[in-house]
């Protein structure tokens with residue numbers, strides 16, 4: 001025992017709160033490490049290693065080298081008798097995974113073999129390449145690795161469930177999570193409201209149409225939340241009329257405790273401008289998708305009617321399309337640093353992407369065509385005009401990308417600034433004779449569909465203007481005139497009153513203590529139980545908000561803006577509530593369109609036989625995996 005006593009003195013000096021199970025977990029995570037014992041002569045150390053914490057301190061535990069079981073060992077106090085009694089569960093010749101750090105056992109040879117198995121996986125099951133990097137596969141693989149570390153080597157067929165079992169559990173989990181989501185959102189949306197984006201998509205293979213809905217709200221921690229609630233199929237043969245859309249939408253929202261007839265104006269819908277969608281939500285607060293509007297603006301500017309007035313630009317776009325097609329069909333694409341992008345009529349900003357891809361690689365494309373005696377295909381494209389056209393169109397793409405964001409930005413606050421900025425951009429571009437017609441067409445369409453002026457029929461909705469007002473850095477609304485600013489301020493007051501936020505105490509404030517009544521009180525003249533927040537008028541609250549000094553660290557990121565309101569919820573008793581109602585509204589219906597992109601990946605090709613209810617469950621659980629239920 002002498003050898004153990006001399007080397008374990010450091011261990012017995014330190015008291016450790018760790019249990020064997022905690023140490024085992026830390027070893028699996030790579031937090032703790034094991035080292036072979038030195039200067040210890042007992043034969044037991046041929047099979048065991050000592051355990052060390054993150055600071056290199058030896059802990060009173062030892063780990064079996066074969067089965068990785070952790071046992072107590074504290075030198076002369078317990079000796080090695082406990083280690084000698086250990087019955088290792090690993091048979092002779094059996095291999096287990098050891099935890100000697102994060103990747104010390106992953107050799108280049110093992111990596112190469114893993115690559116081969118990944119090739120087998122995608123080829124045998126016809127899976128997309130990016131499935132290897134999917135969160136689901138990584139979680140499953142890690143679970144199998146951890147299981148092997150616990151019980152040793154095993155045949156995976158013994159643990160992998162039957163597909164029917166997985167299907168049943170998908171249904172059960174979706175049902176459980178739906179109940180949890182109802183609990184998570186009911187109080188918030190009942191008090192502060194929410195936004196819902198919705199859209200329709202038709203499955204290519206069977207022509208089944210789906211209606212998707214995504215909810216957006218700000219929770220009690222002032223975090224922006226976005227959840228895909230459902231992707232519900234229309235009954236076969238059902239036309240997509242306004243009445244049918246409304247019935248299917250409201251029916252599925254009720255599953256999540258959202259009764260539109262009771263919530264009234266506390267629920268805001270964001271959709272495209274389709275006549276059936278507009279009709280379905282008549283009587284409710286519905287906003288146009290701003291990204292659709294900008295796409296309509298560009299489509300109008302690049303339409304044959306407008307292009308007929310600028311034949312030089314129209315011919316340039318035609319020549320660029322021919323050039324890109326030639327590169328794709330001739331095999332010359334592989335010689336470029338980046339591939340050229342083709343314009344697709346149904347894809348937003350694809351014309352901008354096409355022109356930009358050629359503009360960026362104009363010289364490289366020219367060199368390749370010269371080598372192939374095909375210079376005439378680029379010689380007919382004026383590099384200067386191409387650059388000017390790209391410079392004019394790119395801000396529209398940037399605006400669309402900003403407004404299409406989900407919970408990565410508070411896009412409602414960006415609708416007004418982008419509208420004004422794009423209008424000014426068009427005015428500047430009018431000075432260029434080559435761009436005058438296109439810029440004028442864009443400016444005219446912006447005035448018709450996205451004007452900052454309140455009296456225009458299809459101007460920016462006041463909710464979007466209020467969202468800009470509630471963004472601290474943009475609160476003074478310098479992008480619009482004084483008269484428009486005054487209208488926004490009045491709208492803030494009206495909406496606050498309408499939503500029932502007016503003159504309430506701070507969200508997290510405790511109620512005042514009960515007032516002690518005596519005969520000397522003059523109750524008819526006193527503000528009984530009133531606090532400073534109660535007495536403060538909304539006018540003075542708005543005035544104080546406009547005067548408050550920012551510390552310079554505020555940005556347009558959602559966390560910064562929402563945390564600002566959380567920080568000031570005691571100082572401003574009313575506006576933070578309005579912020580939770582308005583800032584969750586997205587600037588576009590893109591979140592629901594992204595849901596359909598996921599649907600496409602689930603449904604098309606070999607998986608197109610999935611039942612609509614299965615698609616609905618998988619899509620809902622996919623959203624929950626990205627945004628866990630509290």
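Cβ atoms are placed via backbone N, Cα and C, with glycine included.
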Task: Match it up for me: which of 1-24, 25-48 does TrEMBL list as region 'Disordered'?
output: 1-24
Message: Quick check on the domain 'BED-type' (39-86): DSSP residue counts for helix, strand, coil, in that order please.
response: 8 helix, 15 strand, 25 coil
Averaged pLDDT, computed only over the residues in the domain 'BED-type' (39-86): 81
